[in-house]
Amino acid sequence: MSQSVESRTRIKNERYESGVIPYAKMGYWDADYQIKDTDVLAMFRMTPQKGVDPVECAAAIAGESSTATWTVVWTDLLTACDLYRAKAYRVDPVPGAADQYFAYIAYELDLFEEGSLANLTASIIGNVFGFKAVNALRLEDMRMPVAYLKTFQGPATGVIVERERLDKYGRPLLGATVKPKLGLSGKNYGRVVYEGLKGGLDFLKDDENINSQPFMRWKERFLFGMEGVNRAAAGTGEIKGHYFNITAGTMEDMYERAEFCKEIGTVICMIDLVIGYTAIQSMGIWARKNSMILHLHRAGNSTYSRQKTHGMNFRVICKWMRMAGVDHIHAGTVVGKLEGDPLMVKGFYDTLLEVKTEVNLVEGLFFAQDWASLAKCMPVASGGIHCGQMHQLINYLGDDVVLQFGGGTIGHPDGIQSGATANRVALECMVIARNEGRDYVNEGPDILRTAAKSCGPLQSALDLWKDITFNYASTDTADFVETATANR
């Protein structure tokens, strides 16, 4: 319903006096705002500076991430400014944190270019994090409308098609990162790839910082690595892969490396998060056109995702990367050496794998999300995991995951192939126990010990790593706890 003449006159008189007017009075706060299906929604954790009203702080975030500047500008009158202003519509105190608040903000869809993560992020995180009115600010979650998601390609391959190409079903996929990640020659690198795949892994991979250094140029690595893949595939009768990292200093170099991957016949290639949103989308489009599985290493994410009060929650990165077109993304292990609270990791995996997610505050999901027709993205678990944790990994992470045992393969006392075999046997015995209806979580250690009686490599691995864990407190944990009456 259109506003009355009196209402428009009042708004003009209130908002368009020269000078500085509080953001809330400028129209960036509306407690009665009715959310539209086409709105982009964002929820920020904000810590206002001392003396700053939380509502005004939320309005300032809405303003500075949409149309506002620090003073009244008359050119607002030349636009549909009331439509284009983002609306902060809700502010809640954070449980157990007296100085923190959750601010909910709605953005008109027309504020964003279709299919452009760069444009979306330029608004949502482009300027507000340096705003003096906030002592700290963190983007916790977003809701993308279906109309907006339809402008993005989504994963280049998706979980279902990836399994069809690999002909592997009913279990997690197994991988490992070549170690040491820097310093090997091409020939030795290819030997590691062969040993790991021959021993039973589905994938080997480059690490985030192996590109084209003086000790091993990229083409040398690709050729020797692919020789290892082909020999292992021929010897095992299984489809195998190696994630060749095509990350480079320019898009031209990345496309050259990607085309060479296609030429030599690999099923998968890899990029790093640090190449940027536009480059990631570009490679996602290339991968879809060229039937290539695209793995993303989340290199650099902890610089802004790990701290609880400032930066960005990793679940937002998961959403953006599913939109951008990657097929794999590292998303936590729960039991490994890297940051990963169980509830938070569950939220990340659901974000990547579910067709729809509902509000689940315990897992950190503040909005319901319909993923429209975007394919599923395969989570990857890596960092400090070993075969003795197999029952825990399957319990926490399920089947649609790549379990990557780098040190847990290449650090095996009997060699790389034995390390791979230990992981494959541990996985298969645990999946069989689960499928038979056994209590594999509690019986897991016994199941592994029984399997080890007929598998020397598994016995050696269990003897070496025993029950090694990395029991450090997570810095990013749930703000809400599940109670007996929750979700009723």
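Placed from the backbone N, Cα and C atoms, the Cβ positions cover glycine too.
What you see is a predicted model, and the numbers here were worked out from it, not measured in a lab.
Some features that Swiss-Prot has for this protein:
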- Asn127, Thr177, Lys181, Arg298, His330, Ser382: substrate binding site (BINDING)
- Lys179: active site, proton acceptor (ACT_SITE)
- Lys205: N6-carboxylysine (MOD_RES)
- Lys205, Asp207, Glu208: Mg(2+) binding site (BINDING)
- His297: active site, proton acceptor (ACT_SITE)
- Lys337: site 'Transition state stabilizer' (SITE)
**Study point:** Mg(2+) site, defined by Lys205, Asp207, Glu208: further same-chain residues with Cβ within 8 Å of the Cβ centre
**Key:** Thr177, Val178, Lys181, Asp206, Asn209, Ile210, Tyr243, Asn245, Met270, His297
Check your understanding: Out of Lys205, Asp207, Glu208, His297, which of these recorded positions is nearest Lys181 (substrate binding site) by C-alpha distance?
Key -> Asp207
Revision key, fill the gap. Keeping only the recorded positions of Lys179, His297, His330, Ser382 whose C-alpha lies within 10 A of that of Glu208 (Mg(2+) binding site) yields His297
Practice item. Fill in the CA-CA distance, Thr177 (substrate binding site) to the residue listed as 'N6-carboxylysine', as an integer in Å. Key: 5
Revision key, fill the gap. From Asn127, Lys179, Asp207, His330 (recorded positions), the ones whose CA sits within 10 A of His297 (active site, proton acceptor) are Asp207, His330
Check your understanding: Listing them in sequence order, which of the recorded positions Asn127, Lys179, His330, Ser382 have their Cα within 10 Å of that of Asp207 (Mg(2+) binding site)?
Key -> Lys179
**Study point:** Maximal Cα-Cα distance (Å) across residues annotated as binding substrate, namely Asn127, Thr177, Lys181, Arg298, His330, Ser382
**Key:** 37
Revision key, fill the gap. Lys205 (N6-carboxylysine) has its Cβ surrounded, within 10 angstroms, by a count of other Cβ atoms equal to 30
Check your understanding: Tell me, how many other CB atoms lie within 10 A of the CB of Asp207 (Mg(2+) binding site), whichever protein chain they belong to?
Key -> 19
